[in-house]
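As given in Swiss-Prot:
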CARBOHYD  11  N-linked glycosylation site
CARBOHYD  197  N-linked glycosylation site
CARBOHYD  270  N-linked glycosylation site
MOD_RES   44  phosphoserine
MOD_RES   45  phosphoserine
MOD_RES   46  phosphoserine
REGION    1-33  region 'Disordered'
TOPO_DOM  1-77  topological domain 'Lumenal'
TOPO_DOM  96-103  topological domain 'Cytoplasmic'
TOPO_DOM  125-140  topological domain 'Lumenal'
TOPO_DOM  185-203  topological domain 'Lumenal'
TOPO_DOM  225-244  topological domain 'Cytoplasmic'
TOPO_DOM  266-290  topological domain 'Lumenal'
TRANSMEM  78-95  transmembrane segment
TRANSMEM  104-124  transmembrane segment
TRANSMEM  141-161  transmembrane segment
TRANSMEM  164-184  transmembrane segment
TRANSMEM  204-224  transmembrane segment
TRANSMEM  245-265  transmembrane segment
């Protein structure tokens, strides 16, 4: 009996010591948790006020409409197309197209500065994207806005080419490119690819809209509003060209398809389409002058 009691006594004395150590360690964990958690909360809240990560930016329009607006880019296409109609209206009102050049340059400078600010200030980038996000692609959150390339292409055309060539290049960018993107996304998988991210279906759409655009502009608007054109502003006319209206329109469709389909140094097509279409259309008209 004495031996058993002697053996039992150490066990009985060790158990309270073990429990005491466990209680002390649990208390130390609780104390450290109480100390560290508020510190993390304070740090994270102060960081959030100063820096908003670009990866946390979400476009409101994409959240509201989900994959539909992301896939079909409805507001962006409406914006692109509307520029063509607005320009056509200004043409009928006799606005001097050369007077548009400086407003385009000012717009480019302002938007470029805004992009520099937003790409270096995440909080401003978040506000900017939530304001005009419906007109942006997701990749443009992290890089320069496509509108910059759009304006730069128009500056090139308005500065170096005649009135009709400049307007045609803008119409092809507004309407042929929109048609190519819409049809290409819908039916492009059914046709062969003609270039990187370019399908035969999209090229056919660009060609068709290009033909219609040239025929309507040169066949109706130029003669109907001839009084708004100064001498030398319109390069093509039936009297000065070996091309008929129908042939010119067909070649205009080819220009639209080529300009939309060519991938030039992986540059943004908002820049390459007006530049290439201006160069091609100008070459076509001058080549067939009488």
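Just so it is clear, glycine is given a Cβ too, placed from its N, Cα and C backbone atoms.
Take the CB of residue 270 (N-linked glycosylation site) and look out to 10 A: across all protein chains shown you find 20 other CB atoms. Straight-line distance linking the Cα atoms of residue 197 (N-linked glycosylation site) and residue 270 (N-linked glycosylation site), rounded to a whole number, equals 15 Å.
Contact between the transmembrane segment (141-161) and the transmembrane segment (104-124) is supported by 3 or more Cβ pairs under 8 Å, counting only residues 6 or more apart in sequence. Note: the stretches the transmembrane segment (245-265) and the transmembrane segment (164-184) are in contact (3+ CB pairs below 8 A, sequence gap of 6 or more). In the predicted model, the topological domain 'Lumenal' (185-203) shows an average pLDDT of 87. Across the topological domain 'Lumenal' (125-140), DSSP assigns 14 helix, 0 strand, 2 coil.
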